[in-house]
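Participant: Quick paste of what TrEMBL says about this protein:
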- 8-193: domain 'FAD dependent oxidoreductase' (DOMAIN)
- 196-250: domain 'FAD dependent oxidoreductase central' (DOMAIN)
- 252-540: domain 'GCVT N-terminal' (DOMAIN)
- 573-650: domain 'Aminomethyltransferase C-terminal' (DOMAIN)
Amino acid sequence: VGVESVVAKRRVVSHVETTAGKIECEYFVNCAGMWAHSLGKKSKPQVRVPLHPCEHFYITTKPIEGMDPMMPVVRDYDGLVYFREWSGGILAGGFEPVAKPAFLQGIPNDFQFGLLPDDWDHFQVLLDPILHRYPVMETANVHKMFNGPESFTPDGHWNLGAASEIKNYYVAAGMVSMGIAGAGGIGKYLTEWIIDGMPSIDLSSHDILRHVPHHNNQQFLAERVKETLGNYTLRYPTEQRYRGRKLRTSPLHTRLEVQGACFGETNAYERPMWFTNSHDDYLYNQYNSEKGKGTFGKPTFFDNVKEEYWACKEHVCLIDMSSFTKTEVKSKGPEALEFLQYLSSNNIEQPIGTIIHTGMQNEFGGYENDCTIVPMENNTFFMISPTSQQTRSLNWLRKHRPLDGSVEIRDVTSAYAGINVIGPHAPQLLYDVSGINTSRQEFKQMTCKVIDVGFASNIIAMRLTHSGEDGFVLYVPSEYGLHVYETLVKAGKDYGIRDAGYYALRELRIEKFYAYWGSDLTTHTTPLESGREFRVNFEKGEFIGRDALLTQRENGISKRFAQFFLNDFDYETDVWPWGGEPIYRNGKYCGTITSTGYAHTLERMTCLGFVTDTDSQGNKVLHKAMHEFILDKSAKYEIAIAGKKFPAEVNLYTKPTVYQNGEPVFIPAPKR
């Protein structure tokens, strides 16, 4: 029976039209394997399911004398190959470094359970390590080569969850052979998604909302999956994909490339991660496969980022932040304000030009978005969200907007370039190019003005930097982006101006104990658990997640976001933490590291993560004063990195950064 279309009424699943007739349904799950991409197009609006099939090869031998039927499955990751017993012989296959996309003109209508033509030349890169690992294969008689299509996603992760285009349309696809191993869990958590609105564990790395429209492009997918099939390849921290790159770029991209920018990709957007004057370093991190060997220790760009870090603290730096998600929400009357008040846990009813950091919580209190909102003129609000939130944040807004059409929501990400001007000389530099008074009394922290820079107008200037350092983020109409950048560079020469990348920004924010969406903040962490209760306004009235947060405030929490400084850690020779490392409290596992960075000011490796209290049965223990549990003088913390435990000092901030006479004042928790 063939599916002809998935019909939606008012963007809600209604029924499925098949070759055998109509099937009414309240929910639809697209788990059609390599057909999931084309099935997603059989609806109005079309549903994006980014995946593409590749040819996957393995061979089987005839029976081999003495073959043990209980031989375990063997995976040789260095050789990129796997083995198992098969009918008295051996089945051997692998995942080659450069795959061969299948069905470039689309999957034939009559293809089912079929095989593709043999290709021994393509298989040779796997045959050599097969013969090396299992010499018996040299004399074995090959029974057959199997070449069948398997589907892969652009980033190698599964596609799971609720689609953004149609309500009650779910996806479970792009799992390759690992779908066999994950099937039970996928069934469980997709069921929770349907019934409860979200799974009980964090599956954000597999959530289909991580994709943008570009990811569903057929030609892009065919190119990218040549690389993502290689799931046995050892991937190093900070390593980037190299196929299907250089598409979404800012107006500054070419200029920064000439300046030695080494780019990374987030949501298909090219972002400068660090800068180099070395041609070898430049090639290491650009758009080609000849990148050399990575490392789990001190990164090759350490000294470059260190220079950028100190320039941000002592002079002035420019960071291209054009990739941030930008959204405009407006209405004729107060509807936009009422809408954002209901979605936001902070109070959005503030004077025009006020910068408001807020979460948008789900009904369980977890973060659906961590964003910055600025009330502008004429019932308009300008919202900034993380780059990876482009689809998710728009989906959350559109999912809850009034049905009467009174609120207009526009994605204006491509309409603005973003330039972060960081450092103690940033105020004087902005004054030089704009003529506006940038004193802390006239241009206060967490406020916004619309200004001119050079010959360019209508620039949204915000006094914040996402790093804890003084400065401004300028959101510049894209056509003026290069002009504003060059104006700043020319005027900033006497201030020691230079470019910096996202790695320097990361070091600054981790040192300042700032949490970021995607790594520290997820749908399963709340403001109370992440130390952000000060950004929740319970008195303003009803908002999504309010009841859950009030319950937490009343009953207590079982985990809390903390900062750790490692002792006895040699950043030159020790394996570095990169996230996911276990935290131990008095020898007992109590949580996981979420972000890491080297604090150059303190000259210490710094980690952020959540500390959880559980009883002997593994049940969570609630605390109304979780900071007392974490800061208890008898508590000794360790972070395990590559099998070695490092003692760590713990730190909490019980209050936010505040400003006195325009100057920032950090109020830490009592030291122990």
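Each Cβ is built from the backbone N, Cα and C atoms, and glycine gets one as well.
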Participant: Mind tallying the domain 'Aminomethyltransferase C-terminal' (573-650) by DSSP state, helix then strand then coil?
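Facilitator: Going by DSSP assignments, the domain 'Aminomethyltransferase C-terminal' (573-650) contains 5 helix, 40 strand, 33 coil.
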Participant: Can you give the mean pLDDT for the domain 'Aminomethyltransferase C-terminal' (573-650), rounded to a whole number?
Facilitator: 96
Participant: Please list the DSSP helix, strand and coil residue counts for the domain 'FAD dependent oxidoreductase central' (196-250).
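Facilitator: Summed over the domain 'FAD dependent oxidoreductase central' (196-250), the classes give 19 helix, 2 strand, 34 coil.
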